């Protein structure tokens, strides 16, 4: 009987552990922290997958799926003799000519650049096309189910990357990633805005998500290159696939998207249609700023390595490491903006305008750099400014929806995602043609001037901080501080009774308005 005692205690311990975990998940504060972790991991995964193929993609753009190989030769290949061989392949070599390495046929360099540019842009292009639909879908279905759908598509895309053997399969996997990102990114950011309805918690949570995005973009190339070199080309994608699967399972446990409460989505407040949000002048100004501030980064990434080689004779290692120090000022920009927004929340527009000015000045300084150190400083200034703009304006979008529309955030963050995608869809394709036609200096100066000219436009947002939150349907129904949109479902069914009167449902915020009057916010 004694040996059976430990076995008998094991189920009891497991039951107690399960009860403890269940109790922890019922705590709204702990639950929203777990939701924040899930969303940050999803954003980190998406940006890891976006950048992890950077050191791997050359193996796919060649006809044989690998880098060109050389036959045995007494002399090593050089750019001169290699160009001589590839430039005239119709005439056979004669006995009088010295032995030269024979390069296997391959696509021209320009064709390779086009293929790589189209590959990188395909994700943003498909994401740009799907976002108007995904935003509406998220507004109708809430946030957890679209996030789960996006993680599932990202998992399928990552597995396809792992077993891709040619450029066509890689292109399909890249496009599929754009479909998953349209759901995962938009619903994730919207879920953070919903779970953190008050400042400065909302800015802090969105700033943390932006830091994970930056960190994923930073560590992805060395991560992919290391695993590709020592564990095979499938290894980095299999690791990311496992992370996406774990994140999806954690979302199932925490959010329970298929539970009875989640199926009551028909009672959710109806969000403002995305086309009406696009016509809101304040949201349009914010969307324009998000596009403008990301254009320098999207256009410099595919062109700066070649410019560094020609201008400062930089090695491939220097070209790859130039962006690495920029992670520190990006995180610093997020931290400073969150701290400033906590003390002076009505000046979010000013932080964004200052960020645009920093981006403009940094972009204009890039062509003047003739050594590695000044270039790194300019790129650090660029990323610092982007952090200021993103961290200041993403919470502003949620606030604008709160005070001018209905507090449902899928469509408004789909607009933000569209703003990013416009820059990253054009950058890999258009930047090279601009550099070839006008020059790298003209490209950098033009982007810097655009940011400097757009900074004063944010003055139109200076009165946004004076708007009061509307007493929305969610706030009317809640007896306790709101913890997310699901509380509206739970408490809408709760009757509110007067003394001596039968139980009745409380009125919504539009009941006192005339039909068609949706402008129910007030100024302080």
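Each residue, glycine too, has its Cβ placed from N, Cα and C.
Look at TrEMBL and you will find 81-92 tagged as compositional bias 'Polar residues'.
TrEMBL lists 35-473 with the feature domain 'Major facilitator superfamily (MFS) profile'.
Look at TrEMBL and you will find 68-106 (among others) tagged as region 'Disordered'.
The feature region 'Disordered' is assigned by TrEMBL to 492-524 (among others).
Here TrEMBL flags 34-61 (among others) as transmembrane segment. Beyond the transmembrane segment (34-61), the same-chain residues lying 6 or more positions past its ends with a Cβ under 8 Å from any Cβ of the stretch are 25, 67, 107, 112, 115-116, 119, 123, 147, 150-151, 154, 157-158, 161, 164, 166-167, 170, 174, 177, 180-181, 184-185, 188-189, 191-192, 195-196, 205, 208-209, 212-217, 219-221, 223-225, 228, 233, 236-237, 240, 243-244, 247, 250-251, 254-255.
What TrEMBL records for 145-164 (among others) is transmembrane segment.
What TrEMBL lists as transmembrane segment is 205-223 (among others).
Here TrEMBL flags 235-255 (among others) as transmembrane segment.
Taking Cβ pairs closer than 8 Å, the transmembrane segment (282-300) reaches residues 352, 355-356, 359, 362-363, 366, 379, 382-383, 385-386, 389-390, 393, 396-397, 400, 404, 412, 415-416, 418-420, 422-424, 426-428, 430-431, 434, 443-444, 447-448, 450-451, 454, 457-458, 460-461, 464 in its own chain, all 6 or more past its ends. Taken from TrEMBL, the feature transmembrane segment applies to 282-300 (among others).
Listed as Cβ neighbours of the transmembrane segment (320-342) (distance under 8 Å, sequence separation of 6 or more from its ends, same chain) are residues 199-200, 203-204, 207-208, 210-211, 214-215, 218, 221, 301, 304-305, 308, 314, 348, 351, 355, 372, 375-376, 379-388, 391-392, 395. What TrEMBL lists as transmembrane segment is 320-342 (among others).
Per TrEMBL, transmembrane segment is recorded for 349-368 (among others).
Packing against the transmembrane segment (374-400) from elsewhere in the chain are residues 189, 193, 199, 202-203, 206-207, 210, 214, 280, 282-283, 286, 289-290, 293-294, 296-297, 300, 308, 312, 322-323, 325-334, 336-338, 341, 348-349, 351-352, 354-363, 365-366, 368, 409, 412-413, 415-416, 451, 461, 464: each is 6 or more residues past its ends and has a CB under 8 Å from a CB in it. Per TrEMBL, transmembrane segment is recorded for 374-400 (among others).
What TrEMBL lists as transmembrane segment is 412-434 (among others).
Under the heading transmembrane segment, TrEMBL lists 440-461 (among others). Remote same-chain residues near the transmembrane segment (440-461) are listed as 281-282, 285-286, 288-289, 292-293, 295-296, 299-300, 303, 307, 348-350, 352-354, 356-357, 359-367, 385, 396, 431, 434 (criterion: CB distance under 8 Å, separation of at least six residues from the stretch ends).
A Cβ distance under 8 Å defines the sequence-distant neighbours of the transmembrane segment (145-164), meaning residues of its chain 6+ beyond its ends; these are 38-39, 42, 45-46, 49, 53, 60, 134, 137-138, 170, 172-174, 176-177, 179-188, 191, 234, 237-238, 240-241, 244-245, 247-248, 251-252, 255, 257, 262, 410.
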